[in-house]
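K.L.:
The feature coiled coil is assigned by TrEMBL to 129-156. Feature annotation from TrEMBL assigns domain 'Response regulatory' to 10-127, 418-535. The annotation domain 'Histidine kinase' is assigned in TrEMBL to 177-396. According to TrEMBL, the 4-aspartylphosphate annotation covers Asp59, Asp467.
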Amino acid sequence: MSSKSSTPVNVLLVDDLHENLLALEALLRREGVTILKAQSGSDALELLLQFEVALAILDVQMPGMDGFELAELMRGTERTRRVPIIFLTAGNADLRRKFRGYEAGAVDFLQKPIESDIIRSKVDVFVELFRQRQEVAQQRDDLQAATAENARLLAESQRHASALEEADRRKDDFLAVLAHELRNPLGPVRNAIEILRHSDEANQVMREAREIISRQVSHMSRLIDDLLDVARIARGKIQLRNEHCDAAEILRQTAEDYRATIDAAKATLEVDVASSLPIHADRTRVAQVIGNLLHNAAKFTPPGGRVRVSASSDAAGDFATIVVSDTGIGLSPEVKSRLFEPFSQAEQGADRASGGLGLGLALARNIAELHGGALDAESEGPGRGATFTLKLPLLAGEYVPEVEQKPVAPAAATGKLRILIVEDNADAARSLQVLLGLMGYEVNVVADGKAGIEAAKSRKPDVIMSDIGLPGEYDGYQLARQLRSEADLADIHLIAISGYGQPEDRKRSHDAGFDQHLVKPVDIQRLKKALDPLRA
C-alpha cells in the first residue's frame, strides 16, 4: 500500500452487527488507515459530518435506515456526495437491487462472506485515489496561493515602480525649479556686469571687481548645468547631437576659452594639438568634457604650475586621444578609486580649499562613454600632478570643414529695433532694459502677460522678450499663443527668456509660438546673436 502521505486516511464501516464490524476492522487495519465504525445510518451520518473519508463500506440490510437510504442521503449532501461506496450484501443480489445500489451511488457490490484479498485490494485502490486527490487538491491550493502571492507581489512591484516614477518625476521637477530659481537672480547680475562694461569711467579696481563677479556668475551657471546634466545622464535622458567635427579644433578653441581661467590661477597653459582629428560627436558636449578637465586643472594647480593639453591619434589610428595634464596636487590611490563618482572631491570635508559639487568628472566620463569613448586618470601620487586621457572614436580620412558662408550685412535700419520686455522681476527687467538700451535698441517693459498683450497692440514692437513664469492671467506660453492667434501681432519675433533650459522646455516654448529660447542668465554674446539678424 502506498505511503505518499503521512496523514492517516479514514475508511467508514457501517453494519448493524457489532461482530461484523470487528471482523472487517481486523481485516482492513493497517498503517496509515483509520477505521471509523457505525452500527446505524444515523451514527454513520454523524461520523461523516466530523471526518473526511476515503471510502464507505455499507451493509445493505440494516434496521431503520438501510444501506441504500444512507447512500442516497450521502449523495444529497455536498460534503459526502463524492465518497465512494461499496455495498455488502448477504446472498446473491438480484439485478433490481444492484441497479438501486448503483443508482444510489455505489461503485461496487461485494457478497458475504467476503474474500479478504479482494476487499483489501479494493480498499487500497480507493485509499490511494483519495491520497492522490488530496495531493492534487494541495497542489491546486499551493498554485492558487502562489498565483495570489505572485499577483500581490506584482501589484506591490507596480506600486513601488509607480512610487519610484513619481519620486523621479518630483526630483526632475525639483531640479528644474531649483535651476530656475538659482538662475533667476543671476540674470540681472550678469546684465549689470555688461552695463558696467559699457562704462569707461571704471578704474582698475572696479574693472577687476567686475570681472570677478562675471567669473563667479559663469561658475554658478556651470554648477547648475552640471547638476542637471548628471541627473539627466543617470536617467538616460541626454541625447547627443552628433556631427562630423574636428577634435583638434575643439580642443584648440576650448583651450583658448579657458586660458584666462588658467592665467587667473597664475599657471601656464601649453597646447600641442595635431592638425586634424575627425570624429563623429556632439561638438558642444566634447567641449564640455575638455572644459571640465581644464577647469579642474586650473583649480588644483598651484601658482607657478603648468597645465598641458595635447591631441593626437593613438598608435592604431582608432581613437583621438586628448590628454590634459597638470603639476597640481595629484591623486592618492583612494581618491583615484572614487574620482569619477558623482559628488566625489579630491579634497574632503567642510574645510576643503576648492569649491564645486564634485560632478564635473562624473559628467565628463559619462559623456565620453556615450560617444563610445573613455576617460581615465593617472597620477604618481599626492603632489605629483595628474593626467587625464580622453579617447573618442576616430573617423576614417581627413576632416574637411564646411565652407562657412559670410553673413550678408543687414541693410541699414530705418529706425531703432523696438523691443518689449515682459518680466515680473523688477531687477531683471530694468537691468535688461538698460543693457539693451546701451546696445542701441528702443526698449519698453511690462510686468505681466496681460499688459504684454496690450503693449503689443499699442506699441507694435519688433521683438518681445518674455519670461515664462509670469503672474496673472497669462503666463509666457499663453502670451505667445495669444499673440500668434491675432493676425496683426503674429509677425512679432518672440524670444523666451527662462530659467528652464532642458530640451523639453525649449520644445514647449517652440510649440507655444516662441521663435527662440534663451536660458538665464543670458550671455551677452548669445543675446547679440539672437538680435543682430533682426536689425535689418
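Every residue gets a Cβ built from N, Cα and C, even glycine.
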K.L.:
Enter the number of other CB atoms within 10 angstroms of the CB of Asp467 (4-aspartylphosphate).
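P.N.:
Excluding its own Cβ, Asp467 (4-aspartylphosphate) sees 27 Cβ atoms within 10 Å.
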K.L.:
Just counting, how many other CB atoms are there within 10 A of the CB of Asp59 (4-aspartylphosphate)?
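P.N.:
Result for Asp59 (4-aspartylphosphate): 22 other Cβ atoms within 10 Å.
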K.L.:
Within the domain 'Response regulatory' (10-127), how many residues are helix, strand or coil going by DSSP?
P.N.:
52 helix, 31 strand, 35 coil
K.L.:
Counting a contact as 3 or more Cβ pairs under 8 Å, with residues at least 6 apart in sequence, do the domain 'Histidine kinase' (177-396) and the domain 'Response regulatory' (10-127) touch?
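P.N.:
Output no: the domain 'Histidine kinase' (177-396) is apart from the domain 'Response regulatory' (10-127).
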K.L.:
What is the interatomic distance between the Cα atoms of Asp467 (4-aspartylphosphate) and Asp59 (4-aspartylphosphate), given in whole Å?
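P.N.:
Here the two Cα atoms lie 98 Å apart.
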K.L.:
Which residue counts does DSSP yield for the domain 'Response regulatory' (418-535) in the helix, strand and coil classes, in that order?
P.N.:
55 helix, 24 strand, 39 coil
K.L.:
Summarise the model confidence on the domain 'Response regulatory' (418-535) as a single mean pLDDT, whole number.
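P.N.:
Mean model confidence (pLDDT) across the domain 'Response regulatory' (418-535) is 91.
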